Amino acid sequence: MAESIEWVEKYRPQSLTDIVGNKKSVVDMREWAQSWLSGTPEKRAIILHGPAGVGKTSAAHALARDLDWETIELNASDQRTAGVIERVAGSASKMSSLTGTTAKRLIILDEADNIHGNADRGGARAIGGIIKNTDQPIVLIANDLYGLTPSVRSLCIELKFNSVQGRSMIPAMKRICVEEKIMCGVGVLEKLAESAGGDLRSAIKDLQAVATGRDEIHIEDIATSERDTKESIFKVLGKIFKSTDPKKALEATYGLDETPENLIHWIDENLPLQYGTEEGTQEDLITGYEYLAKADRYLGRVRKRQSYRLWRYAGALMTCGTVVSKTHVGRGFTKYQPPSFWRKMGQLRAKRDMRDNIASKIADHANKSMRYSRTDLAHLYGRMLEENEYAADVTFDLELSIDEMVYLTGKKKVTKDIQRIHDLAQAKRRSLGRDEGKAFFEKKPKKQTPDKKQMDLTQIINSTPQEDKVEKKETENVPPVKKSASKAKPQKTLFDF
């Protein structure tokens, strides 16, 4: 039995009522969408986050189908730079529906936590700007919530999609077997659901793979090999901090999709939250950091010598050392935090990117180098932004965003003056168009008879006293030329050949 289409696509949920599991998140999605029908809600975007294959993307498309909304989707296969996101999602968030009705357009940004690298430069920063100004609902889909910047998360409603339970997968797979006219026992479906590890999409793919060429499936037809699963970092941290067995804590890291370079930051951030919070446990905290320091030495040798065999010793020290350093196990719930080091590095990187982006605009505008624009001209343009006479023209000429204006002026947040100047520049851009605008230092010529002796400002700046003297001398020495009926044919030179 050959299939030209994957069952995952063929039986994709057409409505939110068809979504398997995560009923609470589905209800919250519907309530958020309903709030758009009565105006613009406070939170204009939602984040659907959770492991792969649990129905996040399907839920977003089903929501649009239930409300008869158009959809615009950007996923990992698309280039998602700041320009692309602003051109596609930004324009879509402002324009009306293609049908001309008042129906909304749902903007879906899949794998939003994977916007990084040179291919997607500036994309993460553009998302925040679009969410702030959008008139259309936006859905961000992510496997790792902390892969999104804190500024973006603060603008959104966070809805978690958990792994689908096996007993919820079985009815969905049974309906597929009925539609495909395949005889299949409940034991087979239970085995497929168990091996999927909460991933409904993988379970359906496994079912299709087993059913290919068969009309009946038996338990013997299912491969006994188990699917590779990845442990959540939060589960691993719980085993490290709550366990009393160093071996189990170390084995928990084997299925973790994190390097020792990253794991040590997680342990470093959450060690004070777990140890040292109660009286008499300060020694546990000190001992734990001593083991982390030893692990960090091995990581330093890895970076210096490129000897990745030393990772095993670093991993053992940071996990087993954390376990043996505690004198008693805390039983309360602890909310583990992502490393603040990453957040600070991300903020510094964002500032550097903004600085270089502004310097690039100034360099193009002033015809200077990036380095000179960054070190010498940036503060001058910042001063001009504080002058009412030039501020709107500078903003218009450089096409500055509000965040770039805040950075140039050295303010900590958007002020009323910055917002007013940005609005004036935007109004000028809409009325004139970018190509018709004049540079802020150029004045429009008056409608009068041109004077041969009068030079405009650009000529005055570019001319030198020596050139003026030479030009004047040549003008005095050249005799007047008599007008003739036909112009003399210019003499050819070697360069004409």
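The backbone N, Cα and C atoms fix where each Cβ goes, glycine too.
Database features (Swiss-Prot):
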- Gly50, Pro51, Ala52, Gly53, Val54, Gly55, Lys56, Thr57: ATP binding site (BINDING)
- 428-455: compositional bias 'Basic and acidic residues' (COMPBIAS)
- 456-465: compositional bias 'Polar residues' (COMPBIAS)
- 466-476: compositional bias 'Basic and acidic residues' (COMPBIAS)
- 428-497: region 'Disordered' (REGION)
Neighbour tally for Lys56 (ATP binding site), based on other Cβ positions within 10 Å of its Cβ: 26
Cβ-Cβ neighbours of Thr57 (ATP binding site) (radius 10 Å): 20
For the ATP site built from Gly50, Pro51, Ala52, Gly53, Val54, Gly55, Lys56, Thr57, further residues of that chain with CB within 8 A of the site's CB center: Asn143, Phe161, Asp199, Leu200, Arg201
Those residues of the chain, 6+ apart, with a Cβ under 8 Å from that of Pro51 (ATP binding site): Asn143, Phe161, Asn162, Ser163, Gly198, Asp199
